Amino acid sequence: MRLLFIHADEMSFEARQKTKIAEEEPPIKEAEVEDCLVVFAAVQEADEENPKAIAEAAVEEIEDVAGELKADRIVLYPYAHLADDLASPDVAVEVLKRMEGLLKERGYEVVRAPFGWYKAFRLACKGHPLSELSRTVTPEAAEEAEEEKIESEFLVYMDGELIPVEEVDLSELPEDFRHLVMHELGEERETGDEEPAHVKLMREKEICDHEPAADVGHVRWYPKGHVVRRCLAEYVENLMADLGAAVVETPVMYDLSEDAIREHADKFGERQYRIRAGNRALMLRYAACFGAFRLLADTTLSRRHLPLKIYELSQSFRLEQSGEVVGLKRLRAFTMPDLHTVCADMDEAVEEFLEQAKLCLEVGLDLGLEYEVVFRTTEKFLKERKEVLEELAEAMEKAYGDAKPVLVEVLPERKHYWECKVDFAFIDSLGRPIENPTVQIDVESGRRFGITYADESGDERHPVILHCSPTGSLERVICAILEGQYKRFEQEGKLPTLPTWLSPVQARVIPVSEKVLEEAEKVFEELKSEGFRVDLDDRDEPVGRKIRDAGEEWVPYVIVIGEEEVKKGTLSVTIREESTLKEQRREEMTLEELVERLERETEGKPRVPLTIPDRLSRRPRFGR
């Protein structure tokens, strides 16, 4: 935003004619103000990233100048000629209105000239050394100022006690939790340009890669990656069905001239994809909240319907800085499982919050991930409902079989839409957290979006709403699993592998020669008929090469069939989960025993078909 200050003996203006971008209801069409500070303002395109912070930062600048000049009358005058890269009209009006409101709250007499009108004005500058000044407010500086306003306190909850983090010997904490604490305190170790392990793995395993012809942070998924994503998506949707959640689909783009949409976007405070369509400022959603809340506002609800859950697998977008985009950890386009729960009151919300936090822990175990946890809350909520933290810690101990510390961030007052939230993070191979699931108690959106329910007396009330992603984005899930398997290999010497139910290929049949190919095909067809993702290595390659290739692809079960196996009617199966680099775990079993084992490891999980040729002689390699 560009600001031009004129300390004036007199300022008068008259709005004479509308332009096509004029605000519909101008605050005032003409005015004459004496002894005032005139603020000519141009809201710029970059300000659309965080209009709220820009408005607040601009008001700070105005207060600084007004204080020095001892001016208590302010004229806010939209003046597009101060900049070339102007914000959309909707955002500009939003910022100017917010500035007007903030100045009035701080005791100033404010006159705001209408936006988008041709106006005549007369100005008499006082002419002293400070009577003409200018300022530039940038989004970066505005966001930094916003963050500095409310300082949070960090504590560690362990052994039933809350201990200020500065009183804790970090060297005695578990390594992954220590990395989490240092990250939250801004003290994480330097990793330079070192690439996370999963970036190489996602390419090697033909899962996905960045698409060079697209915007940064947008990826293309290869057939194996598509299978993994579908398994994860169906897994979460099945969980939601078990919870009784209604599945919905909503648009990806929203109009920022809608007050509720704009205000909720401001609360997010991070970078957003914004698009202009004529004079309209539109935003690509960064989560499913916008569509979910608009849908709920049009839903007739009573107390007996609550708690009500609605779920969407949302394609979402965040305009991350290009230098911050890393592998699958931070993207500009991602797929987020989003659950929203409408609750009658805070008691019901807390009950649901704990149940959903437990669900996140259970999901992590299904994915082979153990999380470190940050509980974020206001002082008031922690004081009144400390049992929420205690029950969360108990749930972690039950899930992991041992007590784990919890990092607690306490805000002196609420600055977001949530009263409390819990974030679950997996620590990657470089010691950095990958934030995955989250549960939040939202105390603002019910009122903001006009969502109501009829209580037992028939009175309309605004609900408390929970936000929950039981996995985090599908991309980050895959990122965490790959990082976890790399750590498993580096720290324990165990071979990396995906859970069997997620593996693109669950079993591979390898005939040792042409003589046994027919028998190998029978085993292959039987496993395929049972619904498993199985392929047949029918290439004209040495057996050793075939086995090595299966290992490089992390195939959980490799079945080698030779003449001896055909004679005995058994299978020689290499079990990757139980193997190390030094020693392969091979077991002789019947086909029925292998089927039983695969059934156990995939029970209750999605059965997604293989979408590439199931004979390796016909399969291309995807990726660069």
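Cβ atoms are placed via backbone N, Cα and C, with glycine included.
According to Swiss-Prot, the protein has these features:
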type	residues	note
REGION	1-143	region 'Editing domain'
REGION	197-499	region 'Catalytic'
BINDING	CYS289, HIS340, HIS467	Zn(2+) binding site
REGION	598-624	region 'Disordered'
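Taking the mean position of the Cβ atoms of CYS289, HIS340, HIS467 as the Zn(2+) site, the remaining residues of that chain whose Cβ falls within 8 Å of it are ALA287, ALA288, ALA292, PHE293, ASP338, LEU339, GLN440, ASP442, SER445, ILE465, LEU466, CYS468.
Remote same-chain partners of the region 'Disordered' (598-624), defined as residues 6 or more beyond its termini with a Cβ less than 8 Å from a stretch Cβ, comprise 203, 206, 209, 222-224, 226-227, 230-231, 234-235, 238, 499-501, 504-507, 524, 527-528, 530-540, 556-557.
According to its DSSP assignment, CYS289 (Zn(2+) binding site) is helical.
Under DSSP, the residues of the region 'Disordered' (598-624) split into helix, strand and coil as follows: 8 helix, 1 strand, 18 coil.
Considering only the binding-site residues HIS340, HIS467, the Cβ with the fewest other Cβ atoms within 10 Å is that of HIS467. Summarised as a single figure, the pLDDT of the region 'Catalytic' (197-499) averages 94.
Summarised by DSSP class, the composition of the region 'Editing domain' (1-143) is 49 helix, 56 strand, 38 coil. In this structure, HIS340 (Zn(2+) binding site) is part of a beta strand by DSSP.
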